[in-house]
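S.K.: Sharing a structure here in structure tokens format.
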Amino acid sequence: MEPVYPEFVPDGSLARGEMEALQDDIAEAAVFEDDLDFDPDRVTIDRDSDQRPLADADPPVIAGVDQAFLEDDRAVSAAVALRAGEVIETATAVAETAIPYIPGLLSFREGNAVLAALQALSVTPDLTVVDGSGRIHFRQAGLATHVGVTLDHPTIGVAKNLLCGTPREPIPERLAEGERIPIEADEGVTAPDGTVIGYAYQSRQYDSGSTSINPLYVSPGHRISASTAVDVVARTCGGYKLPEPTRLADSLADEAKGTFE
DNA sequence: GCGACAG
DNA sequence: ATCTTGTCGC
């Protein structure tokens, strides 16, 4: 995979206003509806789902990317590609973090590392799960959207915290596993008020007890709708809070740090 | 001026 | 994100 729109490749030397203007352009080019080359219902991490003799096609390849940071100004990005829960390829890459972490401008800090890791993959995933937000972003151009549009590749953003937007209903202390609550655009988002820009999704929950797990915040990156994005994430979670592609990329990024030190 | 803010 | 051992609760 390589950039289809080089003009969207994150440039950390831009002025803040220019970065935000670029995000507006990216949001304009983003497609927040299903435009996939595979059937999302065929997404699975069940290794045995492919044992049917007459399966008409291979399950789609889903990739996950995550970053870890070196002590200098470099980010290590790891990409893991899976087909039916089977790791078929991994790749890592490093890139400079031109700017510090600034809410709303994350893609200008980590975007190049992500693009480098995805380019290092020889396989072209059918969809990539990115750590961070997609459409749940002030200008509807979070890391997942920025990367997806730049590559014109289907992406989903999975964040552990909500950046902006308003839950349709207050998030309870404890959500049951599988529950999803729409996140709607408000005054702080450049989308019509009430637009569903993502979902709070409870990927895992303890059966009972005092402690509970927080939900994930899933949003479309590019070429997928908010509801399909949650469905896909639900299909890739296997007993852990994070979807398998992201979880594996997370640990790989940590291991890879030693390689670039 | 205050508050809120992915990783 | 990152610094970090044990520890409380499934």
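Quick reminder: no glycine exception, Cβ is built from N, Cα and C everywhere.
Feature table excerpt (TrEMBL):
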- A:Asp66, A:Asp131: Mg(2+) binding site (BINDING)
- A:Tyr101: site 'Interaction with target DNA' (SITE)
S.K.: Which ones in the same chain are close to A:Tyr101 (site 'Interaction with target DNA'), with CB under 8 Å and 6+ residues apart in sequence?
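M.R.: Sequence-distant Cβ neighbours: A:Arg109.
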S.K.: Going by DSSP, is A:Tyr101 (site 'Interaction with target DNA') sitting in a helix, a strand, or coil?
M.R.: coil
S.K.: Looking only at Cβ atoms, how many others are within 10 Å of the one on A:Asp131 (Mg(2+) binding site)?
M.R.: 25
S.K.: Across all chains shown, how many C-beta atoms besides its own are within 10 angstroms of the C-beta of A:Asp66 (Mg(2+) binding site)?
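M.R.: So the Cβ neighbour count for A:Asp66 (Mg(2+) binding site) comes to 28.
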